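Student: Among the features that TrEMBL reports, ATP binding site is placed at A:91, A:92, A:93, A:94, A:95, A:96, A:97, A:98, A:99, A:100, A:101. What TrEMBL lists as domain 'GHMP kinase N-terminal' is A:62-150. Among the features that TrEMBL reports, domain 'GHMP kinase C-terminal' is placed at A:217-288.
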């Protein structure tokens, strides 16, 4: 095989009460990585589309190629050479798992081109390395669902324990991206290091309720459990008119609504595609009232994860 | 109907990572309440067996009869008269949900005698009132499972949102009661009011893992998720040789082991009854090495809750 083209999906991390432990993949948008072998050893970046020139072009500093180099080193492969093209189909720093989609597409692509020395699940620590290169922190709540698909629980980081759970068939995500930017490091920085025991217990109850609601296909319980008393009250101040946008979603039938990742994107979950579309419209309209342009995507939970689009 | 006799089961509250939000009922032991109508209005306590004379004999101060008075008041019934006999089949302050079993048996009994004006689920706030009378705090993690049966999640206290989830058919509980006593109020008092965000995230991951493990019948995941980084490290110092007893259980195949309620009882979960019995033996033997006598019970998760034993 000399050439491969892989898609990996956008993801919603944190998911209301599930800070750092929940994430899910959606069907679109997503990033695409193409790799073509070349005779000389070493990885070079041929092109990056859709990043307005903002991503590093040096292989070891870019998350996608950095992850590939990391995997090659782990496998003891020194003579491999390729050129890489990255198609960014979502904005950087959007809270839609942009760097995770790129890193996952990259590591899945090179693994396939090498005839799959590792299973998809075993690629997770390498994809996490991409998050470390991009944001300074090797979290798994975007790369986990981007790689595995579905609704993912990160039970533990040390040792790494990540798995997906079933979700109801009629559960749709509305992902709305307002045209403002939040730096992930800033969004982490404003969080408090300590949480009251009372709020910890509330959050645990909602975490338990959300897992049970998803697995029992109890849409009401899913909605009642989408309450975040720890992170959302702090981070939402970075998103203009957050409370109005959230209330508009809830008023129009969303089960719940919160920040996607560290923002500024917001997501809502709804029962049925029509409801999810309507929720997207009212969220965009509410942002528009504040003079902020926004785009929206409506999607089922993506159960498959990355897709090989082409190879030869 | 002039007479009724109701059994309500012992319960394990807190359940490792699930402080204040998880509890489950076991099949035995449990408390029994008998009520016989009498002509004069008012509730009197006829007899209490098995409490060594320690429980209040005045109807309004005793959890069982206090709960009955509370229910009668709510229903606007002023002319009802009965005499109550309580059979305590588990030690007070044991961490086995002793006061919850009594209160639930009492409130179910009087509701049945009145031809069920309320559903079982609607009795929960009244049973919680029994916990408030007994311990000063109206928690639901013992009365919830004692009343509803099964493995119970308390998603929220305000508003009250309590439900049970399915559990694997081969999951057995070993409940070991060492002959020492801990006061519930003391056990609450030693807890810190603040939790680090890091520990909150760990605990949330384990809460999510335990719910998913129970519902997916994944015994390994149940075991990996039975990790409590917040409460157990503090409360376990009140139980002599806690770490040795826990390690003995894990070394002999228990999926996990922690404090039952606020202690001093400890519980372990195992796959299969034989394993659960062996775990009980080694836990008792380890307590015996520290000069502490202990008793043990092995049981499936009780799915039915209270049982009407007799009526006429």
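Positions of Cβ are set from backbone N, Cα and C atoms, glycine also.
Bear in mind that TrEMBL entries carry predicted annotations, made automatically and left uncurated.
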Student: Since the record lists A:91, A:93, A:97, A:99, A:101 as binding-site residues, which of them has the fewest other Cβ atoms within 10 Å of its Cβ?
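Tutor: Each of the binding-site residues A:91, A:93, A:97, A:99, A:101 was scored by Cβ atoms within 10 Å; lowest is A:91.
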Student: Given the recorded ATP site (A:91, A:92, A:93, A:94, A:95, A:96, A:97, A:98, A:99, A:100, A:101), which additional residues of the same chain have their Cβ within 8 Å of the Cβ centre, ordered by sequence?
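Tutor: My list of surrounding residues reads A:10, A:90, A:142, A:261.
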Student: According to DSSP, folded down to helix, strand and coil, what is residue A:101 (ATP binding site)?
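Tutor: In the DSSP reduction, residue A:101 (ATP binding site) maps to helix.
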Student: Suppose we draw a 10 Å sphere around the Cβ of residue A:95 (ATP binding site). How many other Cβ atoms does it contain, all chains included?
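Tutor: Excluding its own Cβ, the number within 10 Å is 31.
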Student: Per DSSP, residue A:95 (ATP binding site) is which: helix, strand or coil?
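Tutor: Reduced to three states, the DSSP call for residue A:95 (ATP binding site) is coil.
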Student: Give, as a single whole number between 0 and 100, the mean pLDDT over the domain 'GHMP kinase N-terminal' (A:62-150).
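Tutor: So the average pLDDT across the domain 'GHMP kinase N-terminal' (A:62-150) works out to 94.
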Student: Tally the residues of the domain 'GHMP kinase C-terminal' (A:217-288) by DSSP class, grouping H, G and I as helix, E and B as strand, and everything else as coil.
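Tutor: Residue counts for the domain 'GHMP kinase C-terminal' (A:217-288) by secondary structure: 40 helix, 10 strand, 22 coil.
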